[in-house]
Amino acid sequence: EKLELVEGKVDWKGRSAVKYKHGGMKTAVLILGTLAFESMASLALAVNLVTYFNEVMHFELADAANELTNYMGTGFILSILMAILADTFFGRFKILLISGCFEFVGLALMTVQAHLPKLRPPVCNVFDPTAKCEKVEGGNAALLFIALYTMAASAAGLKATLPSHGADQFDESDPRETGQMSSFFNFLLLSVCLGGVVSVTLIVWVQDNKGWDWGFGLCTIAMFLGVVIFLAGLPVYRIQVIRGTSAIVEIVQVYVAAIRNRNLSLPEDPAELYEISKDKEASLEQEFLPHRPIFRFLDKASIQRGEVDEQQPPNPWKLCRVTQVENAKILLGLVPIFCCTIIMTLCLAQLQTFSIQQALTMDTSITKHFKIPPASLPIIPLAFLIIIIPVYDRVFVPIASKFTGIPSGITHLQRIGVGLVLSCVSMGVAGIMEVKRKDVAREHNMLLARPVLQPLPISTFWLSFQYFIFGIADMFTYVGLLEFFYSEAPKGLKSISTCFLWSSMALGYFFSTILVKIVNNATRGNTKSGGWLAGNNINLNHLNLFYWLLSLMSLINFFIYVFVTKRYKYRPGSPMLVSKKNKKEIEVNEF
């Protein structure tokens, strides 16, 4: 019986991957399991590190928030470098495995520092105005940041390769596997939620009640299990062939060649632009894309000055193929969408920092004998997403697909837009909840009350509304972005394409740091604490105004997004242009 091989994929021994033996959903499950354990190890850090920085390492509240967003941002922005290394030199599988091992090492270092008193500042109550708490410094600070940024670099490698390695297990030319790939991206978020539920409940509770060393230790064990599960799939993975050349370099070549040829006139017939012969041998090894009349200035990179010898390819820094130029156009077309999603993470950063500090001032009691850790509040949207994601994938998508003819039910851009609207609503609701919290503090003369020790008589569950709404926004925007960037990107940019999402999130975290400083400087004379967000007493700040500022910025951003998406042109062969009903290319109206 003739084996059906998968084009462009090999097994772990370098042999051509065989369909039904390698890859598919059964293999993707192992990758999802790895992600679940990685999420279990890392999500507790994302929601609770600001407390660790503030109460254990004695950073001021705003500085603690900025240290967290800088750490998160670095982990996302480095994913671009990791994706280039994966596609060009090492392969996604090796980068993923190495990154998992180094994240384990980083977590182990955090565990050791939290366990040994000599490696951290003396115990001190940062909420006591008369206390003089020593901030972490010297060798201890160096150890903290080495551990943190080892984890950040490792997390970047996982983010750059794990989603694309999972998508590699499916064949985009097979309609059945294309549908499975769409489900994989939905279940990607489900895996994050399942791991996150354990992380923000069990691990956060252990950190707050048994000690940070025990909490970091559990994170270390979770990461170890994730690496073991990933290695278990080695014999059955479809592994992407290493290109040996960087697609990013090829994109840069297009811009350099276009600038060099800027004074040349474009031919009236696009067929006169340079392209290699599309014979049978070349078509098996090379990708060919048709010319599109957009971003015409880049077409100058393909203007031929004379006859080109097929036996000796031209200097790519002076003359590029039409397909190479089209890849550059695709990437350029993604940039406006990318820019419109940055503010989503800017909002998310506040839920991981200032919302946690809000919760510290409130009543966290569930029963007389049990209190929920403030950092466990994300359990609300996570639990809801665990229920709604399978319903969305198994009920909504098939029904919507029958009407739209689109495999994912609705277009990726529509899905992203819904999330952007919900993030705007979430910040508006967060501002209202902060007004209610401060009113309670004012009514009970508790504006100077110490967080945790003197909780306000208002339940922390009032904050669940903002977490709940943003959790739904997560499902729409982040999953939609991952699938959109992966499906639209050229073949050579699949790993880098998923990094568009991580880079967007990185910029969101960095902009959060910048925005906090700008707001504090601009409002320094308007509050007793020296700024809307300054100081350690959140009761004296104007956090509600900051939330509403973000809500307004999100609303303006959404209108810009609508303007951009109406002008976006899908790449040739995109699943969004193919109707399941008639298999013909159709024009899709986004809004």
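Even glycines carry a Cβ here, placed using N, Cα and C.
Here is what TrEMBL says about this protein:
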type     : residues : note
TRANSMEM : 29-51    : transmembrane segment
TRANSMEM : 71-90    : transmembrane segment
TRANSMEM : 95-116   : transmembrane segment
TRANSMEM : 141-162  : transmembrane segment
TRANSMEM : 183-206  : transmembrane segment
TRANSMEM : 212-234  : transmembrane segment
TRANSMEM : 330-352  : transmembrane segment
TRANSMEM : 372-392  : transmembrane segment
TRANSMEM : 413-433  : transmembrane segment
TRANSMEM : 465-486  : transmembrane segment
TRANSMEM : 498-519  : transmembrane segment
TRANSMEM : 545-564  : transmembrane segment
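When each of the listed stretches 71-90, 141-162, 372-392 is scored by C-beta pairs under 8 angstroms to the transmembrane segment (183-206), 372-392 comes out highest. Beyond its flanks by at least six residues, the transmembrane segment (330-352) meets 46-47, 50, 65, 68-69, 72, 251, 294-295, 298, 378, 413, 416, 419-420, 423, 426-427, 430, 466-467, 470, 473-474, 477-478, 481, 484-485, 488-490, 493, 497, 500-501, 503-509, 511-512, 515, 546-547, 550, 553-554, 557, 560-561, 564-565, 568-569, 571 of its own chain at Cβ-Cβ distances under 8 Å. Long-range contacts of the transmembrane segment (212-234) within the same chain: residues 12, 27, 30-31, 33-38, 40-42, 44-45, 48, 52, 56, 96-97, 100-101, 103-104, 107-108, 110-111, 114-115, 195, 198-199, 202-204, 206, each at least 6 residues beyond the stretch ends and with a Cβ under 8 Å from a Cβ of the stretch. The transmembrane segment (498-519) makes no contact with the transmembrane segment (29-51): fewer than 3 of their CB pairs lie within 8 A, with pairs spaced 6 or more apart in sequence. With respect to Cβ pairs under 8 Å, the transmembrane segment (71-90) is most closely packed against 141-162, considering the stretches 29-51, 141-162, 372-392, 413-433, 545-564.
Counted over residue pairs separated by six or more positions, the transmembrane segment (29-51) shares fewer than 3 Cβ pairs under 8 angstroms with the transmembrane segment (545-564), which leaves the two as not touching. Sequence-remote contacts of a segment are chain residues at least 6 beyond its ends whose Cβ falls under 8 Å from one of its Cβ atoms, and for the transmembrane segment (545-564) they are 336-337, 340, 343-344, 346-347, 350, 354, 416-417, 420-421, 423-425, 427-428, 430-431, 434, 519, 532-533, 590-591. Listed as Cβ neighbours of the transmembrane segment (372-392) (distance under 8 Å, sequence separation of 6 or more from its ends, same chain) are residues 43-44, 47-48, 51, 186-187, 189-190, 193-194, 196-197, 200-201, 204-205, 207-209, 351, 355-356, 359-360, 362, 364, 366, 460, 463-464, 467-468, 470-472, 474-475.
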